Amino acid sequence: MTILTGLLMGMFLAALDQTIVSTAIRTISDDLHGLSVQAWVTTAYLITSTIATPIYGKLGDLYGRKKLFMFAITVFVIGSFACSFATSMYMLAAFRALQGIGAGGLFTLALAIIGDIVPPRERAKYTGYFMAVFATSSVLGPVVGGFFAEANTILGLTGWRWVFLVNVPIGIAALAVVQRTLHLEHNRREARVDWWGAAALVVALVPLLTVAEQGRTWGWGSGRSIVCFVIGAIGTAAFIAIEHRMKGDALIPLRLFKMRTASVTIVASIIVGVAMFGGIMVLPLYMQIVHGASPMKSGFMMLPMVLGMMSAGVISGQITARTGRIREFPIFGTGLAVIGLFLLWQIGADTPLWQVMAYMLILGFGIGNCMQPLTLIIQNAVPPREIGVATSAATFFRQIGGTLGVAVFLSILFSTVGDKITTAFTAAQPAIKSAVAQDPALLRDPLVQQLQTNPGAFNARVQDDSSVINQLPSVFGHPFKVGFAGAMSTVFLIAAGIMVIAFLVTFLMPHVELRQQSAGALARAEAAKQAGEVSAPVEAAAESTPAAVGARHLATQEVPDDTPPSHTTPKHAAK
């Protein structure tokens, strides 16, 4: 087992758990008699994981990342185990919140640890592997969730409980690997911990994320939504004021936004998050509603996009490692994603699946070329001792963008689908009359009678439970599919427009020269220089240490300290 294995396992857990519940939630809510509160199972996890992300980043910079990473895995495993034995939806939501506290550190700390031990130029190859794991687990989640949801019992436990229990052995294995292989040197810095900033962040994000998830149900102009908006605005203002006062000790230092590279990267991350997560969210719905695929099958249908993301991540990483060029990849990636989304805008109810999958491949290749390079660019833009803050900022703002994207696009989808269905039925009247003339028995179908008696109520029923479409005679079901496809087409068009903005923003990014040393080596050299222990400038380290040393040992069982040789025996950063 290697360090890379442990880090990838941690990221796999977090990415898998973002999607594995989606296909099982209906079964879970039926079993626990809580269909009306099922959304809180997702919302609770989202809130705690998002808030925890910048906190892990800052604490990792101050106190070291290994123990925090192990703590995050442990909390995640405990939360997963507790979820598997929940007896009510409220209990499950509480344990999902605990799970989210652990998940918030898995992405950020894994990427920051890579930054500690591998120089940026070599790091690009490994972030490609992380991209591959993220893409695979994100699509594998619905497949695995659907499998467990459909199983009555497995080893004496209800099938859906394994949705959470499956995380436990993987998490324990990750803990063992990290404990055995990862030994990072860290010079603890005494600094103020920005607990007030963290509290203000909670006040800001809890109501905003809650209304983002629940606003479509409550109504965006309802009293509850307005209260959430007001409290969120007050919390955001307080957070900005506190961060300004805390200066360098802030949870998210505001000086990041004064650095052109970092600020452009953060803005691009937000916009990419909105377009990417909002657009991708629609694809499984398209497969299930329009093409009648099961949740498991729709997961498999997403494989072309996964292959695009995986191949792009690996290829861009290899090219960056060889050439040192990285600025071009977010530009190319967002441009290609724009093309993919515009192509998806043209799909309809009768578009062949191979064509949809080809468009998904293009979109996936574009996303794979911009996600990890943006993280690598912001890591390279900040001082080595702040790599955790930079990584968590990129992840945090992308998650915020993704949450907003999903909320906005779902609202657009369900606010337009009714009119789209009505238009589709108007256009289908000649075909319906012809079919009824040939087979009058169609009108005796109970669902058709309900549709004709009260079209508005039936339309609302279909939006709540789309499986009804496949129970209708095809001539009556097809207009519903056309309506949903039309509404989804609108979402893809808006997502493409937003991605165009991201494409333009990436041109504002200055040329990026990747460092030849890992953040850990630079931080140690800087600390030693300040302590008077070394007399050579930091640049000497780059000349005496091959950039590939950390990367080469990352794939084995240890990562040696790449501090320049001296008369003393060098310490090891990882064993």
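Just so it is clear, glycine is given a Cβ too, placed from its N, Cα and C backbone atoms.
Database features (TrEMBL):
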COMPBIAS  533-551  compositional bias 'Low complexity'
DOMAIN    3-514  domain 'Major facilitator superfamily (MFS) profile'
REGION    533-575  region 'Disordered'
TRANSMEM  39-56  transmembrane segment
TRANSMEM  68-91  transmembrane segment
TRANSMEM  97-114  transmembrane segment
TRANSMEM  160-181  transmembrane segment
TRANSMEM  193-212  transmembrane segment
TRANSMEM  224-242  transmembrane segment
TRANSMEM  263-287  transmembrane segment
TRANSMEM  299-317  transmembrane segment
TRANSMEM  329-347  transmembrane segment
TRANSMEM  353-377  transmembrane segment
TRANSMEM  389-414  transmembrane segment
TRANSMEM  482-508  transmembrane segment
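Tertiary neighbourhood of the transmembrane segment (68-91): same-chain residues 10, 13-14, 17, 28-29, 32-34, 37-38, 40-41, 56, 59-60, 97-106, 109-110, 113, 157, 161-165, 167-168, 171-172, 174-175, 178-179, 182, selected by CB-CB distance under 8 Å and a gap of 6+ residues from either end.
Confidence across the domain 'Major facilitator superfamily (MFS) profile' (3-514), taken as the mean pLDDT and rounded to a whole number, stands at 87. Sequence-remote contacts of a segment are chain residues at least 6 beyond its ends whose Cβ falls under 8 Å from one of its Cβ atoms, and for the transmembrane segment (482-508) they are 260, 264, 267-268, 271-272, 274-276, 278-279, 282, 285-286, 289-290, 330-331, 334-335, 337-338, 341-342, 344-349, 351, 370, 405, 409, 412-414, 416-418, 420-425, 427-428, 466. Below 8 angstroms of C-beta separation, residues 111, 120, 123-124, 127-128, 130-131, 134-135, 261, 265, 268-269, 272, 276, 279-280, 283, 286, 291, 301-302, 304-313, 316-317, 320, 326-327, 329-330, 332-341, 343-344, 347, 391, 394-395, 398, 502, 506, 509, 512, 514 of the same chain, each at least six residues beyond the ends of the transmembrane segment (353-377), sit close to that stretch. The largest share of C-beta pairs under 8 angstroms with the transmembrane segment (263-287) comes from 389-414, of the ranges 39-56, 97-114, 160-181, 193-212, 389-414. By number of Cβ pairs under 8 Å, the transmembrane segment (389-414) is matched best by 39-56 from the list 39-56, 97-114, 224-242. Proximity of distant same-chain residues to the transmembrane segment (193-212), defined by a Cβ-Cβ separation under 8 Å and at least 6 residues beyond the stretch ends, is recorded for 43, 46-47, 50-51, 54-55, 58-59, 62, 218, 220, 224-225, 227-229, 231-232, 234-236, 238-239, 242-243, 246, 249-252, 403-404, 406-407.
Remote same-chain partners of the transmembrane segment (160-181), defined as residues 6 or more beyond its termini with a Cβ less than 8 Å from a stretch Cβ, comprise 1-3, 5-7, 9-10, 12-13, 16-17, 20-21, 24, 27-28, 31, 66, 69-70, 73-74, 76-77, 80-81, 83-85, 99, 144-145, 148-149, 151, 154, 557-558, 574-575.
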